[in-house]
Ligand SMILES: Cc1cc2nc3c(=O)[nH]c(=O)nc-3n(C[C@H](O)[C@H](O)[C@H](O)COP(=O)(O)OP(=O)(O)OC[C@H]3O[C@@H](n4cnc5c(N)ncnc54)[C@H](O)[C@@H]3O)c2cc1C
């Protein structure tokens, strides 16, 4: 007869918490294992976890995510016709395959858990929850149904559950986008792309149908400043100039005094300005138009009943060398049936215990508070700059943890799990996400798309959730 395996647990040394078994607790060396949690599973959260695993041998990282699915704006922001950008997901999947990584989807800080809950359960809490609101212009007429934020429009075509029912009326010929950053250009491109260019992407089926029926012919991209201050980058602008059946129309009067400054410009700005100048001189054809419109400051949005009529702008003059603008006291209207406001994302504070600068919309730097990504830097920058920030901030945390060698007294997920269970919250782990992922890929395959995103949270939980 085989001897029964003996359990070497000295009850005298056990605290109630240490008897709770969890994935992290069962890992070798767990008594000295530091427990870190990250709030938000976008690029900042994943790159932070990646560097922590690289630098610390004995650490558990739990990532809490508001949505049942991971990857933040890589899934819900990056344009569907830029699939190559989403390849970063391969790196994130490798991070998730670390045995000490845990994804806890469908858990919202500030609703399901407090900041204090996390601080009590973990050695370090890292805030990487991004910026999920947007700035407003504060001009009359802005709050009508046909003025949408570009953020929500992006969420709509990318299948963000909270935006799937957004009322997007494309039964008009002219759209004004207020703002000239890369998000604004993404939105313009989606509105003007021939539908066949979008069919094979992971754009949601309902938005594909709406875009196929769209009557939009002209998209204005309006900004207060001049061509030398344009916030979009050359790659995005060049893509617009190459869209089939779309002419890019620039007003040559906005370029007065620009050409002579070109030799003095930094390289990236020089190349973009040269492309803008050459495009402004080219004869083009196409039944649709893309019109970057500089030196236009929106002052009012005019509607009649439920119909949007136009945006009224004050024309600005510019000192090209200094880049400063001032109103000329002259006004112009651009007729349109839809306005998309694209003047930036805004960070918010989900819990009053988080030190927060509500003007800048960023988490404040304080001892013991660790934040990264857009909620740390503000909502600018691409995945690469977000990665640099995550590496920088995680290096600081590693230094702190290395200074403090005392064993962890925190119980990590074991504590949080009991809280979530007592509230009846269904969570999704990384295997649950894999199930959702494979259903999406299967659904997409029938339509010749890389995936057809599930846009209902209930459906996601039905496939990947567990209580
Ligand atoms: C429309 C758009 C297109 C873009 N396209 C590109 C591109 O083509 N190339 C490129 O390099 N960069 C692009 N970017 C920039 C890039 O997406 C960002 O640099 C990056 O996503 C920022 O990462 P983050 O982790 O800080 O935030 P996010 O990606 O926003 O991740 C934050 C995560 O936190 C979660 N969260 C929010 N609140 C809570 C809460 N209370 N509790 C728990 N979880 C929460 C969110 O659901 C989200 O998953 C684009 C950005 C936008 C807006």
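Please read every residue number as a count from 1 along the shown chain.
Just so it is clear, glycine is given a Cβ too, placed from its N, Cα and C backbone atoms.
Because TrEMBL annotations are produced automatically, they should be read as predictions rather than curated entries.
In TrEMBL this protein carries:
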type    : residues                               : note
BINDING : 44, 65, 73, 109, 374, 381, 382, 383    : FAD binding site
BINDING : 180, 181, 182, 183, 224, 225, 236, 381 : NADP(+) binding site
DOMAIN  : 35-191                                 : domain 'FAD/NAD(P)-binding'
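When the Cα of residue 181 (NADP(+) binding site) is compared against those of the binding-site residues 44, 374, 381, 383, the shortest separation belongs to 381.
The local packing around residue 381 (FAD binding site), expressed as other Cβ atoms within 10 Å of its Cβ over all shown chains, amounts to 14.
A C-beta separation below 8 Å, combined with a sequence spacing of at least six in one chain, links residue 65 (FAD binding site) to 40, 41, 45, 103, 104, 105, 106, 107. Here residue 383 (FAD binding site) comes close to 43, 74, 85, 88: these same-chain residues lie at least six apart in sequence, with C-beta atoms under 8 angstroms from its C-beta.
Among the binding-site residues 180, 224, 225, 236, no residue is found with its Cα located within 10 Å of the Cα of residue 44 (FAD binding site). Across the fold, the C-alpha of residue 225 (NADP(+) binding site) and the C-alpha of residue 381 (FAD binding site) stand 20 Å from each other. Non-local contacts of residue 73 (FAD binding site) by the CB criterion (under 8 A, 6+ apart in sequence, same chain) comprise 42, 43, 130.
Closeness to ligand 1 is met by none of the binding-site residues 180, 181, 225, 236, no Cβ falling under 6 Å from the molecule.
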